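Going by Swiss-Prot, these are the annotated features:
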- Cys407: active site (ACT_SITE)
- 49-50, Gln127, 173-175, Asp193, 239-240, 260-264, 270-271, Tyr319, Gly489: NAD(+) binding site (BINDING)
Amino acid sequence: MEKVQQTIRAARGTELQTKGWVQEAALRMLMNNLDPEVAEKPEELVVYGGIGRAARNWESYHAIVDSLKTLENDETLLVQSGKPVAIFKSHEDAPRVLLANSNLVPKWANWDHFRELEKKGLMMYGQMTAGSWIYIGTQGILQGTYETFGEAARQHFDGSLKGTVTITAGLGGMGGAQPLAVTMNGGVVIAIDVDKRSIDRRIEKRYCDKYTESLEEALAIANEYKEKKEPISIGLLGNAAEILPELVNRNIIPDLVTDQTSAHDPLNGYIPVGYTVEEAAKLREEDPERYVQLSKESMKKHVEAMLAMQEKGAITFDYGNNIRQVAFDEGLKNAFDFPGFVPAFIRPLFCEGKGPFRWVALSGDPEDIYKTDEVILREFADNEHLCNWIRMARQQVEFQGLPSRICWLGYGERAKFGRIINEMVANGELSAPIVIGRDHLDCGSVASPNRETESMKDGSDAVADWPILNALINSVNGASWVSVHHGGGVGMGYSLHAGMVIVADGTEAAAKRIERVLTSDPGMGVVRHVDAGYDLAVQTAKEKGVNIPMMK
């Protein structure tokens, strides 16, 4: 697609360019997704995750902007794979935007067919929060990554990663959270990436501490800090599919090993062994079929090394990029011998309706976020783990684009927080409305058998009714915009998922919508896990009064 060099930045303050705050919020969040501080390749409309875009092409982007500027308070804009296709009369409590991105009929749900359609200009890849306009930069995945490594520490290392070394790879928009998440848990991490720009970006934003091109130097620093039991993160330039086998050959085994390279997309994401970023780009253009095959062969080597490390005692887990599936398809029959991060560490949180809840200050004023931090510290003071997160985030997380915050809140907590935020906007404590949203990676909004719904207790991993029901209930309850996507995180054919965003503009109507949406949305997570037979979900549903007709 054509590259357009222009700097897009969301407006700040209280002056509207649209006919209402919900439309304004959608416009600012679309533009914020493409802010150079936030997006990975804004000139190509790519936000994160290989080719995860905010709009299909530049013509569609400008048409969306124009549509949002003229959209009435009782109209709904429909967006099909990043292209605005209709505006219908609806009503004031309806979503202002409905988005469907990258969805394919199952028999045709593969990368080859997607790329044919993309080439014809008929489709785009929306990832999760790229095409649904609620990406907030690397902070968006940071607490989830912090929670994952924290749970690994609780299960295997007496509650802290002090004195441990983690080896991982992939420092893009998602994987870039890993170095800081490990050091927040007290550990040492060597994070590998083949693209120097990705490492530089994480260092610039204080997500990573040091840069090196030398494996020897990385190991020396890691060992020094491991001995001192002090945290440090080292960005190592190289290809994990070369470096991990080399470590296995030398019998250098880390305490933990995982991976967040863009393995979900063998063509536009992963870079094969032996190629620089520039050489890979040339091969991708000249011979895409050979590129994909080389990528898949490299992924197989990568997973073989992870399995070898697991055999030698490393705590090993898949971080949701579908690399095990590719290795399995390439003939590595034991590729799934190490678990995914959700069944290993996160599912109990999902059973309580917990997930990555985020909010953004449309004012552009960091003080608005700091005031909301104080709300969390006051209202949820009994949750020491959550409060520790907020305190660390304030100190260590640099905002990208509009100021924002993320934390994991559960059923009941999200609605309570939303009510308070809306009241703060109403009484002027906050200088402009707040956008409340979440990742599609949530407790009740995704079907992804190699990630969020891997190894479900009842075998319902591939049942995709749940994200559809999630989107439907959020729409009728008045979310500001709702999205249904395919292929996020793990690639074409492997996931369906839904997103929602709601705007706290201080009005009484918003208060009612917030109460409904922020109850039903996490409620779907509780319901989904009750249905699968999880005792903790049943206990949560009974304690919180979630109405589930056939619950025993």
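Cβ coordinates are placed from backbone N, Cα and C, and glycine is handled just like the others.
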Local Cβ density at Gln260 (NAD(+) binding site) - other Cβ atoms counted within 10 Å: 26
Site of maximum Cβ density within 10 Å, from recorded positions Ala263, Ile271, Cys407: Ala263
Nonlocal neighbours by CB distance (under 8 Å) for Gly49 (NAD(+) binding site), same chain, sequence gap 6 or more: Tyr125, Gln127, Met128, Ala130, Gly172, Gly173, Met174, Ser262, His264, Asp265, Gly269, Gly488, Gly489
Gln260 (NAD(+) binding site) to Cys407 (active site) - Cα separation in whole Å: 21
Whole-number Å value for how far the residue listed as 'active site' lies from Asp193 (NAD(+) binding site) (Cα to Cα): 27
Neighbouring C-beta atoms (10 Å sphere around the C-beta of Gly173 (NAD(+) binding site)): 29
Separation of alpha carbons, Cys407 (active site) and Ala263 (NAD(+) binding site) (Å): 27
Distance, Ile271 (NAD(+) binding site) to the residue listed as 'active site' (CA atoms, angstrom): 32
